[in-house]
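Trainee: First, the structure itself, so that you have it in front of you.
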C-alpha cells in the first residue's frame, strides 16, 4: 500500500540516485572493503587481514584515541559558539534594512575564502612575534592576556576552533535567516496580545519554529567540525605534539604519509559511525526540545 | 539590550574587517613589506600584482573553467537534490527515512578515503582531464548536503497544502513545481550559496582529476604560488581576491531571494 | 509559473550543453594525450616555476618533437596525490620524489624506471646520487643538494667577535653571548619544519652510526636510550636557558625567516634552502651555515647534514619513456643545472656547476666537509617519524626528556610489526 503511494515519487529520486550510486556509493563500498586489507594504496596487490585493522585501532593506537578526544573538544567548542553566534546574529539581522543586508554580506565573507587563505591569515593573527592578536592585546593594556595561541599544547585546539567559528558563522547565519523568515508574523502578534515577554516569545514562538533550521545548523556544524581537515592541516599539521590532531588529519596521514590505506579506511569507517551516532543523537534531542511544550 | 546588540555586531564586524584589510593591503605589497608589518599601509598602491597575475598565466581560461564547472555543478545539484528532498518529504513511512539516511550518510564519509577508489573509477570511465568528469563528481559529492538542508525546510511546509492540491487532482510533479519549489525559494537560495562556495573553492577533485593546463580551475592555478619553503603571499592573495569577486556577486544576486522570501511570507500571513 | 517553465527549460538546455561541452573536452584530451611527444612533468617546487618555464622553453626549442606539460603541486598535495596519479601512466612521465618513505613506497609499487647505465648519470657526483639508488639500481637522480643545519648571520657574528663552536659547551657559551648582546640566539620554527630539521644536527653526533633509525624500526634501538634522551635534554637546555625564540612552538618557518632577516635572531634552525628567502627580505645580510656539535670536540664524527632531494625519475608505466629520459638528460646537463642552481639559489648534485651568488659560493665548501645524509629521511615509517618529531615539541613544551621519550617509544612500539 505504502509502496504504491510512493511509486511516482521514486522517479524523483532517479537522476540523483544514479549519479550518487556511481560516484559515491561504489567508491565508498570499495573503501570499506579495503578496510579489511593491508593495502598500501599503491601496490597492485594486498592481503586480506580480516578485522585486524579494527582490532589494532581499538587496542594498539594511542594517537587515534588522542585525535578522537581532540575532535570532541573541537566539535563541542565550534558547535556551541557557532550555533549561538549565528542564531543571535540572525535574530539581530532579520529585518532587511540596508545596514543589516550589508552586515550579513560582511559576515558571510570569510566563507568565500579558501581554507588555505584563512589558515594563512590566522597564522599571522596568532603569530607570537609579529601576530596581530598579541599586538592588539598589548596596545589596549591587556598584555597579560597574551598567549602562545598555537604553541601551547592545551590551548592550540581551541585557537584553531576559534578560527573555524570565524570561518563559518556567516554561513550558518544564512540558514537561520532563511528559517526565521519562514515564521509567520501573526504568531508573534498572538504572543504579543497575550502579553508575552521577550524570552517567552523566543521560547514559545521562535524556538519551536526555528528548530528545523537549528537541526540543520547543528548537524551540519558537527559534521563540518569533524571534517575540518584543510584548515587544521594548513594551520598546524596536527601539531605541536599531536595536540591539534583530529580524526580527519589522522586519516590523511595514515593514508598518504604512512601509506597504510587499508588501515586508514578502517579508521574512516569508525569515523563515519561516530558522526552518524552523534547526528542521530542530536536529531533526537532537538525533536524532544520541540515536543516538550 | 540595544547597546549590547550594537557592540556585539560591531565587534564581529571588526574581527572580519581587520584581517580583510590585511589581505587587501598584502596584494599591494612586496614580500619584504608583508613581513615587516602585516597590518601596515602599503608604501604605494600599485597594481603590479594584479597585472602580472593576468599576464603570466592564462587566468581567463582558468576563470572560464571555474565558471563552467561551478554553474553546472550548482544547477544540477540543486535540481536533483530538490527532487530528492521533495520525494523524501512526501514518502510515507520508513522508506523516506531510509533514503534520507542513505543520502545523509554521504556527508559523513571523509573525502580522503574514497578518493583513491574514486580516482580509479573516474579514470576507467575516461573522465580524467575533462570538465564533465569534474561536474559529475561534484554533483554526486555535494548532493547530500543540499538534500539535507532542503528536505529540512520542505518538511516545514504545511501538509494541508499538499492534501488540498491532491484533492484537486494535482500530480506529484505539479505539486513539486507549484507548491514545494515556490515555498522553498529562501532555502534554495541559501543552499545555492553554500554550493557556489563549495564548488568554486574546491581543490581536492580538480587536484585529482585535472593535470592539463587547459582544464585547470582557479584554486588549482593558485597552488602554483605556494612553494616548498616560500610562498608568494602577495600573488596568492591577489589571486584569492580576484577569485572571490564572482562569489561576492553570486551572494548579492541570491540575497535578493531572501528578501523576496520574506515578503512572500508576509503576504501569505 | 511561466518563470518555472523558463527555469526548467534552461536547466534542460544547460544539461545538453554540459554533455556536448564535456564530451568535446573529452575528445580534445584524447588528441592531446595521443599526440606524440607531450610529456607530463610533475613536481612540488612552486618557487622554481619561473626557472622551469625558462628551461622548458629552451628544451622545446632543442627538441621540437617533444612538449613538456608541467604541473606543480604544493609538497603536501604532492605527497597525497602524486602516487595516485602515477599509477596509470597518464601523468608524470617525468616525476620527482622525496627520499625516504615516499621513495620506498613508489619503488614497492614498481613505478620507477631503472635509470642505471644512462649516460647522463656521469654528469653527477657519484657520492651524492646514492640516495637515488635501491638495490644498486639508479631509480632516480636527486638534483638538489641542501644542508639541513642552522643558517646564521655571519656579519653579526663577526661584529660580535663570535665563531661557530666545536663542542656543546662552546655552543651554549655562544648562545649566551648572543643572548647577552640582546639577540634571540636561535629562531626555531617549532610549529612546522623546525623539529624535523634541527633534530638532524642535534643528534648526528649523539648517535653517529648511520643505521640508528634502521635499528629503531627493527626494534633494536629505542628512543628511551641514551642517544635520544641526551638529544632531547639538549633541546630542553636550549629552551630553558632562553636560547630559542619566545613561543617557538607557535612560530612557523615564514615567521622564523623574518626573525633572522630582521636581525632579531642570530641563527635560524632550518637549512640552506632558507637562505634565498632571508636574502629576499634583507639583501644586505651575510649568511653562513653552522651545525651545533652536541658532544666533546674530539668525539664529534660529523660536521653537518646534507640531503640530496628533488629526485628526478621516469615513470615505469609511461608510454613515452624515451622522451622522458631526454628531458631528464637535459636537466642533468651542466649548463642547464647551472641555470637551475643559480636562479633558485640551491646547490645541485651535478658536477662542475659554477655558482654565482655569494651564499652558494661561500657554502659550497660544505660539499667537501664531512656531512651526513639527513637521518630523518632514513625513518621510512611515517608514524615513527612523527613520533620522533612530536617528542621534541613535547620537550620544548615543558615535558621532561625521559617522559617525552617514553611516550614516543610507545608509538614506535605500536608501529613495529
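Along the chain as shown, the residues are counted starting at 1.
Yeah, the Cβs are placed from backbone N, Cα and C, and that goes for glycine too.
Remember, TrEMBL labels are computer predictions, not curated facts.
Per TrEMBL, the feature domain 'ABC transmembrane type-1' maps to B:63-254. The annotation transmembrane segment is assigned in TrEMBL to B:7-28, B:62-85, B:92-111, B:131-153, B:179-200, B:233-254.
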Trainee: How about the transmembrane segment (B:179-200) and the transmembrane segment (B:92-111): at least 3 CB pairs under 8 Å, pairs 6 or more apart in sequence, or not?
Mentor: no
Trainee: Report, as numbers and ranges, every residue of the chain located at least six residues beyond the transmembrane segment (B:92-111) whose Cβ falls under 8 Å of a Cβ in that stretch; write 'none' if there are none.
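Mentor: Residues 84, 141, 143-145, 147-148, 151, 204.
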Trainee: Could you name the stretch, out of B:7-28, B:131-153, B:233-254, with the greatest number of CB pairs under 8 A to the transmembrane segment (B:62-85)?
Mentor: B:131-153
Trainee: List, by number or range, the same-chain residues at least 6 past the transmembrane segment (B:131-153) whose CB is under 8 A from its CB atoms?
Mentor: 65, 68-69, 72-73, 76-78, 80-82, 84-85, 88-89, 100, 103-107, 111, 118, 122, 125, 184, 186-188, 190-191, 194-195, 198-199, 202, 205-206, 209-210, 215, 217
